[in-house]
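Swiss-Prot lists 14-32 with the feature compositional bias 'Acidic residues'. The compositional bias 'Low complexity' feature in Swiss-Prot is assigned to 33-43. Look at Swiss-Prot and you will find 1-47 tagged as region 'Disordered'. Marked as transmembrane segment by Swiss-Prot on the basis of sequence analysis: 139-159, 164-184, 211-231, 247-267, 280-300, 319-339, 349-369, 398-418, 442-462, 465-485, 496-516.
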Amino acid sequence: MELEEQERDILFPTDDEECQVDVSCDDEDDDSSSYSSLSQNDSAPWPRSYRQSVDILTGVTPPTISFIHRRSSQTSFTSSVASLYKRRPTSIANSFASSTSKQPLLSEKDDVLFLSSQIGLSNTDLSYGEPNFCSFPQSVLNGINVLCGISLLTMPYAVKEGGWLGLCILLSFAIITCYTGILLKRCLESSSDLRTYPDIGQAAFGFTGRLIISILLYMELYVCCVEYIIMMSDNLSRVFPNITLNIVGVSLDSPQIFAISATLIVLPTVWLKDLSLLSYLSAGGVFVSILLALCLFWVGSVDGVGFHTGGKSLDLANLPVAIGIFGFGFSGHAVLPSIYSSMKEPSKFPLVLLISFGFCVFFYIVVAICGYSMFGEAIQSQFTLNMPQQYTASKIAVWTAVVVPMTKYALALTPIVLGLEELMLPSEKMRSYGVSIFIKTILVLSTLVVALTFPFFAIMGALMGSFLAMLVDFIFPCLCYLSILKGRLSKTQIGICVFIIISGIVSGCCGTYSAIGRLVGKLD
């Protein structure tokens, strides 16, 4: 098979096109108009802002001062944005075209210019410094921070639903998702133009693949925002359980009051232009996970709640819900390409995945065993809701579960906001801070409506894990890998991918059906 067919019509640049990303400040003024016109090319694929916004969400690259000619009030955020585009040198004119779509992928400088237009920076404010990559320990911390999130709280509940043997499924999911993360790496290595998960989708299936994957990733972030509201509401209701309010004949109970209160608290953080502080705070997610696990163990061992034997070995009727929750626990593939792209030594990415997934599955299993052993069949959707409030460790855990979503909500919503602005307001003249505030406010209020309608943390997590995580973390990595590297794979590699795809389809269908059934039953 010819090279062109194997690489899905990759367009190689001519000598005249070979212009490196690292451009000096003197040359930039002369070229800014051409770069600006390229970045605003109508044929550029949506979403163009995905990589930048997700990198801001995860903080995968340590920030450096790479923007100049700007007052210090803007330095922190702009420097963070500039640091997102430090990767191996590539040609500014390189473009990728699949057999089904000839729309080019954006270069790194196009990405920077596009995002600078979103946050109100001019071309003359930009300068491109030396590459600033993540070290191996930083990459490991980023990986753990992405994977080990709010799903940690619901692992004991998943064991209650599926039984002790459900932990075998948790372990198998960790192995599978770690492997599919490596498949994404191999897809990225097939072309220097591929940077993000949507890029991989376009390489495999044209613009349709890019669009489907982008929508799924944005849906994941949206559901996370809903989960944050529910999480804050549930834990605040645990602290203040007897609060009620009657407004114009409408009676609100404690969870509803605190869902509204939590929304009002996070709303100003969404309006912020500078998200750097929130990004730094959310980067401590790994330490939060350790703190929550320690608090749970402390309450069980020191405060006297104790650990008890017993429980179901296997509950086939409720196992699909547990499958969805376990899938929810490993839904981090949306940003794994960004972690890979930011590494000083990309060859160590498989080791980063191995350590990150190993850490997460270890903590998931420990928390699941401790929580279910302590509270048994009485375990609730979040183990913090079962912890006796008279103990200091319980109070620390509950308030940690309240504060953490406040730092993460705006970061999770930002990629959705930028994607919608890009889609709904294609012209820069139509964009303004006021319009952005309006879109953000509507999105925040919509998450409140969903949280009030479906205030079931574990079931929403199970639905997300069954439907979205199975597609994003199981099925699409294998499909993209088979498509991009078609003709160069062994029968064993193909067989493994087919097995994972079938497993994802079966798990996704069973889990989604069960989760929807639970939601309907709760609403009746």
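In case you wondered, yes, glycine gets a Cβ from its N, Cα and C as well.
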Contacting positions for the transmembrane segment (496-516) when only residues 6+ beyond its ends and CB under 8 Å are counted: 176, 179-180, 183, 318, 320-321, 323-324, 327, 459, 462-463, 465-467, 470-471, 473-475, 478-479, 481-482, 489
Most Cβ pairs under 8 Å with the transmembrane segment (398-418), selected from 280-300, 319-339, 349-369, 442-462: 280-300
Stretch-level contact, the transmembrane segment (319-339) and the transmembrane segment (247-267), CB cutoff 8 A, at least 3 pairs: no
Outside the transmembrane segment (211-231), six or more residues from its ends: residues with CB under 8 Å to it: 46-47, 50, 57, 150, 153, 197-198, 200-201, 205, 259, 262-263, 266, 331, 334, 382, 401-402, 405, 408-409, 412-413, 415-416, 419, 443-444, 447-448, 450-451, 454-457, 460-461, 463-464, 468-469, 471-472, 476
The transmembrane segment (349-369) vs the transmembrane segment (247-267): 3 or more CB pairs under 8 Å: no
Stretch-level contact, the transmembrane segment (465-485) and the transmembrane segment (247-267), CB cutoff 8 A, at least 3 pairs: no
Interface-richest range of 139-159, 164-184, 280-300, 442-462 toward the transmembrane segment (247-267), CB pairs under 8 Å: 442-462
Chain residues in Cβ proximity to the transmembrane segment (442-462) (below 8 Å; excluding those fewer than six residues from its ends, i.e. six or more beyond): 150-151, 153-154, 157-158, 222-223, 225-227, 229-231, 233-234, 255-256, 259-260, 263, 266-267, 270, 321-325, 328, 381-382, 413, 416-417, 420, 511, 514-515, 518-519, 522-523
Close approaches to the transmembrane segment (164-184) from elsewhere in its chain (Cβ under 8 angstroms; 6 or more beyond its ends): 155, 158, 197, 200, 311-314, 319, 322-323, 326-327, 329-330, 333, 336-337, 340, 349-350, 353-354, 357-358, 360-361, 364-365, 368-369, 372, 473-474, 477-478, 480-481, 496-497, 500, 503
